[in-house]
Amino acid sequence: MAQINENYLKLPGSYLFSEIARRVNEFKVQNPDADIIRLGIGDVTRPLAPVVVEAMKQAVEEMGRAETFRGYGPEQGYDFLIEKIIANDYAPRGVQLGMDEVFVSDGAKSDTANFQEIFGVDNIMAVTDPVYPVYVDSNVMAGRTGNYDIEKGQYGRIIYLPCTEEGDMKPELPTAPVDMIYLCFPNNPTGMTLTKEELKVWVDYARENKAIILFDSAYEAFIREEGVPRSIYEVEGAREVAVEFRSFSKTAGFTGTRCAYTVVPKDIMIYDSTGEGHSLNKLWLRRQTTKFNGVSYPVQAGAAAVYTEEGKKQIQATIDYYMENARIIREGLQEAGFKVFGGVNAPYIWMKTPGTMGSWEFFDKLMTEAHVVGTPGAGFGANGEGFFRLTAFGTRENTEKAIERIKARMK
């Protein structure tokens, strides 16, 4: 008799965005003429930059000729892409990385979910609350989180770090020792950021406690303000304790193309039951060479084109487009009387629901009355209750139309 990994039974009944899709589809069946505008799930709408398309076309043509055909590539990524990543994303900020410290992958979602495999099941993990669900769900699958408390909306063995309105949506250090710390800045879902000084507090904590920070920096390209670090490695000592995840998905429109990378410095040590240290970099390389065959050559060629002079201009134009959407949403909601966070250094706007209205209640009200779909804050954790996320990844026309509807119908 085949038996399941019973940790899967501890997961919520459905993934957050699957539940949203179910409700939207149900509403559309009942209201077939409704013009639904989706400002919920964080998929992009702008096409790939022309320079990326041309690079991928050329790479595909190379694959069609015997003399330039490539089979399996290096699991860690082609040197031509890793060199550009280091030279453009890190060196200008004073961060020195080795070629063997960057791992090209098919997405930050898979990397943030998979990286926990290296950690022992008894490690204590900490997450911000609200939080991107993948961090929690992947650890539930591994058996690291304990059982789910329905009343609290939390797992018994996770240390939750509340991000509250009173605390400006920024987490405080855990009061008990933890081993794994998930941080995402610019944050999904709140859109907030940390200063270098605030980030240093976390790095210092991790160094003192031999903890490891799993730092999701997928939205760093959207940072507009000076003084906001784009990489955790801008903080002294971070190379000893932090893994950084980045993605081309939102930066360059690769959500349907799939390319990202993870930085694992060779300075980071992880310990066995005897206290002996082991290289986290070597363990992640071992994991990747066992379970991953690398990102396709045409996709990596497209990602490398992002770093050309023309590529940088085209990508920046797309980022500017989305951040103008963010401004429209943020200012429109403020004009309508909503309290909002984010939308300045991130494509996410985190709004407080009216009065005592719950997140899912507001979701239904917004969909039925304004025909606009967002993401209920409760789907990101117990502390997301009473909040709602909108994203700036829609078209300009739909973004403007959605905000006008909200201002007119949701007062």
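Keep in mind that glycine also has a Cβ here, set from the backbone N, Cα and C atoms.
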Same-site residue for pyridoxal 5'-phosphate (record: Swiss-Prot; known: Y72, A108, K109, N188, Y219, S247, F248, S249, R258, N293; options: Y90, Y132, Y307) = Y132
Note = substrate site partner of Y15, G42, K109, Y132, N188, N293 according to Swiss-Prot, chosen from R389, R396, R405, R409, is R389
Request  = Out of G42, Y72, K109, Y132, give those binding-site residues positioned within 10 angstroms of K250 (N6-(pyridoxal phosphate)lysine), comparing C-alpha atoms, in sequence order.
outcome  = G42
Message = Within 10 Å of N293 (substrate binding site) (Cα to Cα), which of the binding-site residues Y72, S247, S249 do you find?
response = Y72
Request  = For Y15 (substrate binding site) and S247 (pyridoxal 5'-phosphate binding site), determine the Cα separation and express it in whole Å.
outcome  = 21
Query = Looking at the binding-site residues K109, Y132, N188, R389, whose Cα is closest in space to that of S249 (pyridoxal 5'-phosphate binding site)?
reply = K109
Query = Across the listed pyridoxal 5'-phosphate-binding residues, Y72, A108, K109, Y132, N188, Y219, S247, F248, S249, R258, N293, what is the farthest Cα to Cα distance, given in whole Å?
reply = 34
